[in-house]
């Protein structure tokens with residue numbers, strides 16, 4: 001990229017930043033003379049260079065036409081070939097000798113030391129994850145390794161917010177005079193999906209700070225984490241915690257009397273704490289898991305978090321798009337996978353400060369606990385469940401999870417021309433909203449416009465990125481000149497012949513919306529097709 005003398009508007013500069021540049025060229029006309037007569041860059045140019053230097057793979061800086069010229073090189077060669085004992089006058093460079101080319105280099109060296117310090121999210125450990133695609137975690141089907149827990153537990157911001165939320169809930173529980181589910185007169189706290197116990201530790205600290213008696217249960221299905229929890233309970237928590245090894249959806253609740261095999265009596269939970277959120281809020285099955293454990297929550301019980309929202313925005317990221325294309329031959333679902341990425345070299349396609357159309361828009365929301373009517377409908381539909389527990393919305397007959405189905409229609413305004421490669425996803429969560437007084441909500445957020453106000457320097461979650469491919473729906477009846485389509489889209493031919501052409505997500509949306517017609521982008525040619533809908537009794 002050749003840096004011009006006058007930089008364009010900020011939107012164009014951000015598009016440059018998203019490109020995988022190898023070097024930046026700087027010519028003499030790009031520089032200005034400072035008060036001492038030395039070359040210097042305007043402040044806008046300095047900021048541009050500073051932004052590139054924060055990249056994991058920063059581009060090279062290439063000086064063009066700044067010298068030295070041939071005459072200068074010849075003069076230096078002659079001086080080097082002079083006698084070993086030159087005259088006194090020959091040892092001192094003459095004022096007329098051109099040295100301007102060194103001034104440019106010295107200035108860039110000086111500029112390197114003027115860079116603003118890296119913030120917490122730009123330090124070496126996190127910089128290595130810039131624009132690196134990671135498969136999303138599946139903690140429900142997989143048992144996480146200890147190293148993964150270690151990364152999550154290294155985020156004090158998140159756990160500080162959780163501790164504050166639990167403390168607020170306990171304090172208000174006492175002030176409101178609510179009934180205790182424990183026969184011992186204590187608030188029953190259950191940490192669903194305890195991992196290695198950081199939330200358990202924070203729950204005990206919150207209880208000590210507020211002076212509220214608590215009975216804490218740690219529920220974890222991972223056998224390795226379960227062993228660690230037992231050790232923590234013995235060495236750190238002083239036996240104050242009851243550790244249960246089970247899937248949270250199969251847990252029957254706190255054991256009040258008897259044994260699991262002999263006349264068991266199970267109680268209820270007052271505060272249910274979990275950290276099941278993914279980078280796009282619900283993409284790690286938090287709603288389904290919490291639905292499955294809600295049967296143990298008391299009617300007046302509290303869920304932490306109380307709610308969470310998913311937000312998205314269109315982005316351009318050529319480097320990630322190129323990576324997706326290379327994965328496509330071996331991974332046909334590469335463009336359908338919500339990759340977890342610390343997005344850095346990218347450009348937000350949507351404009352800022354457009355009335356009614358913000359750059360980051362909310363897609364959907366989930367709230368906990370579910371209303372009783374929704375729970376009854378879910379139980380009626382699922383007609384069964386996990387042995388010994390509630391089972392939740394993922395068990396049983398079709399339709400049991402319909403209440404967790406979401407889709408949205410968002411409109412963004414793009415002021416400059418460009419290419420949209422994907423959608424970047426973020427989330428916000430209300431951990432606890434105080435009921436008394438005018439206290440602020442306790443929240444966590446990865447929303448770029450809100451993270452500094454709600455959970456500054458939180459590192460547990462990266463962004464989620466969904467690449468955009470064609471939005472042709474699956475299960476269509478083709479009608480038109482297929483050969484013309486294949487000439488424009490040769491990669492469609494094989495899928496068209498074997499009946500796998502199309503996007504499953506687009507088919508799902510069309511089946512739900514049943515529009516009279518639709519327009520599919522990215523085809524670059526006219527081609528008509530039909531999609532039949534099962535109208536049922538309609």
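Backbone N, Cα and C define each Cβ position, glycine as well.
Since this is a predicted model, take the numbers as computed values, not measurements.
Going through 215, 220, 234, 284 against TrEMBL, the one listed in the S-adenosyl-L-methionine site together with 149, 158, 159, 247, 248 turns out to be 220. Across the domain 'PRMT5 TIM barrel' (1-108), the model assigns an average pLDDT of 81. Note on proximity: of the binding-site residues 159, 220, 248, the one nearest residue 275 (active site, proton donor/acceptor) is 159, by Cα distance.
When the binding-site residues 220, 247 are scored by other C-beta atoms within 10 Å, 220 scores highest. Each residue contributes its Cα atom, and for residue 158 (S-adenosyl-L-methionine binding site) and residue 284 (active site, proton donor/acceptor) these two points are 17 Å apart. If you take the Cα of residue 284 (active site, proton donor/acceptor) and the Cα of residue 159 (S-adenosyl-L-methionine binding site), they are about 19 angstrom apart, rounded to a whole number.
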